[in-house]
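Novice: I'd like to ask you about the structure that follows.
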Amino acid sequence: MSSRFFHRLPLQIVLTVVTRPRLTLVVAGLLLFTGVLLGVFRLPLSSDQNKLFSRDVPFFRQYLQFVEKFPENEAVYVVVEAADASPPPVTGRWTAAADAIAAKLRAMPEVVRRVYARVPSDQLGDQGLLYERAELIPARLAEVNRFLPMVRIWAEQPPGEGPPAQRFLNAMLLSRFAGLVGQKQSPTEAAPFVGVIAESWGRSVNEPALPLVPGKGLPDLELLGAQSPRDLGYFFVPDETDRSRNLLLIQVYPKQNYSSLTGVSETVEAIRGAVAGVAGGYPEFRVGITGRPALEADEMRTTDRDSTRSEIVALSAVFIGLVVMFRSLWRAVAATIALCTAIGITFGWAAIAVGELNLLSIVFFIALIGIGMDYLVQVLSRYRVEVVRRGSVRTVWIAVFRQVAAPITTACLGAAGAFLVAYFTPFQGAADLGVIAGGGLLICLACGYTVLPALLTVFVRKRSTTDLGMEVGAVSDTGFQPVRIDQGVGGRESPERGAQRTGWKPVSLTEPSPRLRRYILTPLLWLVGVLALLPFAIQARFDAGLLGLQAPNLPSVQLVRKLQTWSAVVLSSDLETLRRARSAIADSPEVAGTESILDAYDARDWLAKNAGQTRQVQWSEPAAIVAGDVPKLVASLKAVAGQFEAAGKTAPPAERPAVATAAGQIRAAADRLDAAVKAGQGDAAAVRLSAWQSAFVGQLRGQLATFNPGPVRVEGLPPELKGHLVADDGTYALYIYPKQDLWQREHLQRFVTDIEKRSAAATGVPPPTGIAVNILHSTESVQRSFLTATAYALGLIVLLVLLDLRNLPQTLLAISVLAFGLPMLIGLMSLLDVSWNLANFFGLPILIGAGHEYGVFMVHRYREALKHKHRAWIGWDTSDWALLMCGYVTSASFAFFWLMASHRGLKSLGLVMALGTACIYLATVFVLRPILKWRLSK
């Protein structure tokens with residue numbers, strides 16, 4: 001930068017500050033108060049991960065439109081799985097658990113908008129079979145065809161019988177049904193069906209107030225034929241980690257609050273607690289929750305906890321380091337106050353510039369501790385030297401900032417620029433962090449120019465008035481001549497004492513020139529180390545998996561892998577376009593299958609061709625039963641019960657329980673009817689049985705109607721099903737499911753590439769979207785963005801350093817620490833089996849911005865020794881200690897993320913930043929420093 005900027009303006013600012021230190025502190029206090037106030041009331045934390053990427057990018061805009069139209073992707077999923085799959089719980093226990101959980105959640109309207117546990121078949125009417133899996137429909141039809149003879153007993157008038165026998169035949173209708181069962185089917189096959197019908201007769205007669213609806217006064221035929229909860233409309237799906245096991249899912253749509261740190265977390269925790277309370281009554285199941293809101297809430301909680309703990313420990317470690325280095329509690333306190341002031345003001349800057357924090361930008365705090373403190377360390381280190389050499393406060397601060405203004409300003413502008421270039425990427429989360437942290441670093445620099453000098457000046461004045469004394473003085477060309485204010489200018493201190501306290505050594509103006517090999521040993525050793533790690537460095541890999549960034553022990557993370565969460569989606573309001581899209585990917589080797597409203601049309605066409613037998617039933621209304629028919633019915637039922645009891649004795653052992661249960665149900669029904677007759681209630685029983693008979697025929701007719709559905713009626717679908725297939729605006733979704741596990745990056749790449757290529761080749765088919773497409777393209781975009789940001793940061797830093805030093809060789813030397821340090825980092829990462837990911841990759845431009853400062857500080861020390869002979873660079877002096885402190889501050893700050901975080905993204909970011917800072921610092925010490933010392937000795 002220009003000499004005017006680096007020298008005149010900073011000095012004018014500092015002289016103004018030390019002239020009016022109390023006013024400066026008052027102004028800083030007001031800014032701090034305003035910043036904190038804005039942070040508290042105007043800076044919400046958004047947990048909405050959809051805001052982490054720019055809507056201006058086409059693929060992400062399409063994905064957001066998909067999510068808005070089909071919000072099931074934003075649901076919490078309650079996952080019920082068998083604790084012991086051998087044998088698995090019976091269907092009734094699965095459904096009871098699901099119903100109990102759903103009822104509990106529906107009773108929480110303050111946190112839950114709606115709950116979907118099953119698709120209600122009664123709302124589907126004759127359309128129910130259209131939404132069954134295509135491979136199961138033929139089996140359903142075959143099963144119905146086997147039972148058609150029994151259906152005809154109820155549905156059709158018996159042929160060849162005249163009016164005189166009509167009443168008797170009506171009374172014997174049930175026994176004729178039981179007789180045909182024995183003729184057409186084995187007792188073990190018919191036992192459950194006959195048993196529940198007989199049980200329904202007895203219950204209906206015994207409880208005449210029961211409504212004649214399935215599950216009450218009528219048998220629940222769906223439950224009777226159900227082999228799993230899926231047959232009853234429940235969301236019963238395979239476990240993707242072990243497809244021999246199944247899971248029962250409940251969709252919960254929470255009332256989400258993304259505007260506070262605890263909003264979504266509290267909602268999810270309320271759901272989790274309610275579910276856990278119900279699950280206690282079903283010990284045969286393991287129950288947990290997952291889904292995007294649960295993952296986000298758990299990630300927020302772990303991120304916030306890890307960040308808070310790490311920041312507290314990091315700030316404490318930095319404070320202790322300052323006390324040890326400067327051997328002054330007050331100076332450490334002053335630097336910490338200046339840093340905290342900068343952080344507080346930064347909250348106000350964030351509220352004005354961005355308006356909210358997100359899951360990425362919240363880590364700006366640790367960036368300011370780790371990087372912003374470096375500028376304060378440089379000021380304090382130089383102050384510690386100059387305060388024993390100068391005669392007045394003004395000359396002390398003039399001397400301090402004549403030396404540190406240029407390097408700390410260049411270093412800060414470079415680091416801030418490395419953050420700010422993220423603003424030009426589509427990754428909105430990183431852009432927000434860049435704006436906040438970049439501005440925060442500039443505020444840290446400003447506090448180094450204002451708050452820190454003001455604090456130290458006020459403190460100095462206080463000491464002089466209380467006769468505590470403060471060391472100031474003058475210096476000769478041959479060594480230190482420190483004095484104390486209270487001793488006057490004549491008070492002298494030995495050069496050795498001054499050297500012991502300050503790190504500066506009294507030297508002559510000349511220095512012997514050592515041999516070259518003394519300076520090339522450590523650079524050569526470092527280069528050997530880099531070359532040794534080069535084979536590992538070229539194996540560095542990028543892991544774009546998002547789930548791998550979260551804490552591995554979280555139940556929501558473990559459960560989400562069990563679900564089929566991956567799919568691509570084609571959206572269209574035109575069914576023909578949807579058909580073309582389905583045809584285009586039909587023979588893809590990457591696609592396992594598709595799902596859409598087109599399946600319902602296909603099922604209807606198939607049934608129209610193959611379900612002809614079900615249309616041949618001649619439905620008629622059964623005649624009424626009279627009281628005299630009831631005793632005959634009792635006798636017939638007892639005879640049928642005996643038949644089943646006899647059949648049970650010869651049935652295979654595995655089938656005997658079902659036959660025995662049916663026999664008991666039939667005999668119990670006969671006993672109930674017999675008791676009604678003996679109690680003089682034969683007429684009431686006949687009336688009830690007649691009503692039951694009519695209702696049951698209607699039930700059978702409705703069951704068969706599903707095999708002869710009318711036209712597909714989308715508008716009548718229940719929301720549990722419609723919300724998956726058709727949006728409110730009429731947009732249809734074609735879901736495309738993969739064959740492979742898309743958690744593996746190479747499988748994801750092949751799947752998305754293949755379907756995009758095939759869709760593009762089909763006429764009029766829009767580009768696919770969905771979670772698979774969005775994850776692939778967003779991670780690729782983030783990767784490109786970080787590489788672009790790295791290039792921008794490097795270019796900006798080279799320009800800033802060149803403007804500062806105005807010397808190309810020295811500029812190349814300053815930034816060479818990056819060239820020597822970063823390869824060592826990459827090699828060590830590969831050696832330690834640490835891959836780049838979407839969290840730590842952002843550390844690369846930050847490392848370039850924060851790491852170049854070591855080269856800048858070192859070259860400025862070289863220039864100082866070159867220009868001022870009385871400040872010869874001998875041994876390990878104050879500037880070296882200051883640089884060590886800077887390396888410690890940055891490495892330690894981020895290292896606590898690595899040591900303490902359970903969130904694997906933060907953990908990896910902490911490791912990369914701590915290790916990278918250490919590598920760059922060590923490259924500065926072992927490579928650049930000897931080279932500069934050698935140049936000085938020539």
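Any Cβ shown, glycine's included, is placed from N, Cα and C.
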Novice: Quick test of your reading of TrEMBL: among 311-335, 436-460, where does it put transmembrane segment?
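Specialist: Feature transmembrane segment in TrEMBL: residues 436-460.
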Novice: Return the stretch with the most CB pairs under 8 A relative to the transmembrane segment (786-805), choosing among 404-424, 436-460, 911-932.
Specialist: 404-424
Novice: Other than its close neighbours in sequence, what residues sit by the transmembrane segment (881-899), given a CB gap under 8 Å and a spacing of at least six beyond its ends?
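Specialist: 306-307, 309-310, 313-314, 317-318, 321-322, 325, 366, 369-371, 373-374, 377-378, 381-382, 503, 850, 853-854, 857-858, 906-911, 913-914, 917-918, 921, 924-925.
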Novice: Please give the sequence-distant neighbours of the transmembrane segment (838-860): residues at least 6 beyond its ends with Cβ less than 8 Å from one of its Cβ atoms.
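Specialist: Apart from its flanks, the transmembrane segment (838-860) reaches 360, 367, 370-371, 374, 378, 403, 406-407, 410-411, 414-419, 421-422, 430, 433, 542, 544, 546, 549, 779, 782-783, 786, 789-790, 792-794, 797, 801, 804-805, 810, 813-818, 821-822, 825, 879, 882-883, 886-887, 890, 904-906, 908-909, 911-913, 916-917, 920-921, 924, 928-929, 932.
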Novice: Treating G and I as helix alongside H, and B as strand alongside E, what does DSSP give for the domain 'SSD' (332-458) in helix, strand and coil?
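Specialist: Its residues fall into 110 helix, 1 strand, 16 coil.
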